[in-house]
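The domain 'Acyltransferase 3' annotation in TrEMBL covers 7-329. The transmembrane segment annotation in TrEMBL covers 43-66, 78-96, 116-135, 147-163, 169-188, 200-218, 238-261, 281-301, 313-338.
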Amino acid sequence: MKNRSSNIELLRIIAALFVLSYHTVNATIDINALELPSRFIMTGLFFGMGRISVNIFVIISAWFLCKYNFKLERITNTWLSTIFYTVPIAITFVYFGKADLVYLITNMFPVFFQPLWFITTYVFLLFLTPLLNLILSKYEKRKCRNMIIFLSVLFVLPMTFLPRVRGAFYSEVGWFCVLYLITGYLRIYQPLKIVNNKKICLLVFIISYLFIISWYILYYDVPYKFLSNYLEFAGITYASFLNFTSSLPSFFASFSFFFLFKNMNITKLNNVINYISKTSLDVYILLSLKGPSDLIFWVDIFDLDVYINSGNIFMNVTIVIIAAFVITSLIGRIRIYIVDKIMQLMPKLDGIF
């Protein structure tokens, strides 16, 4: 797409690296077993941005899709890109007796059976984009703003201060829709000039992110009994703000980080950045897909926790992240070539919504 500048594509690459880092640490390291300084560094550099990057991926998509007509081929492309990995992997496990036919069927229809929750949720969001764009374009500006504020409060405040209610109404699809509406409104109406200030965006991100990782690390040192009682009642744990994409600090960190990059002017290596960013989805799929035992890449294929936890843990994590990113990106180029060839053979169904 010609309108996509390299600063946003660079953000896409960085978000993919953060997701990769999150899964690397989550699958191989017990952060709580580390000493405090190492725990803080490990969380801040390699772990804390995982869920925030989920928001960022949705925000990036919404930023562009709110200006475009619905295309069914986007959904088809996402589905084909996913089963490019899930089906061959599932067939291999079934052939060697490591999995049953249920596992194969689940991976043949990843949009419905959720072997990858993000793909399922994202595809449903794509189906809803005609309705969301209709709300953004046809709804009266004031009413649209008020509705978005109401929905934001409905999702953000309970998940920040009373996450125990999560099961009552919260859904990832609902949250993705809220992110889409917020992003679309900000792009179409540009009501907040402050988001164009890079220094303010950076400051908001730093404060929000430091709160998230500090809470994760220092939670068990809460000094006040009444605060401990409230946290227990509300269902707030040490990992709440780290794991909840709709918590208030995650919300601010996500949008401030996005607008920080949006306001940048990347003039060098544009072709390289755009080339690499096309495989961001491959990084997520390969490194998030679960096998019969656990995460396929980390446990079923490579027993990486043994390697990472021997020697310099920070250097080992960095090496694994770089190697995994390069490998998945190279495989992603093959996926792009094959899926593009298949897409050329399929009939165009644009304009049906």
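Using N, Cα and C of the backbone, Cβ positions are placed for all residues, glycine too.
All TrEMBL annotations are machine predictions without curation.
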Long-range environment of the transmembrane segment (313-338) - Cβ separation under 8 angstroms, sequence gap at least 6: 16-17, 20-21, 24-25, 28-29, 34, 38, 41-42, 46, 81, 84-85, 276, 278-279, 281-283, 286-287, 297, 304, 307
Segment proximity, the transmembrane segment (169-188) to the transmembrane segment (116-135), 3 or more C-beta pairs under 8 Å: yes
Annotated stretches the transmembrane segment (169-188) and the transmembrane segment (200-218) touching (3 or more Cβ pairs under 8 Å): no
Overall pLDDT for the domain 'Acyltransferase 3' (7-329), taken as the rounded mean: 86
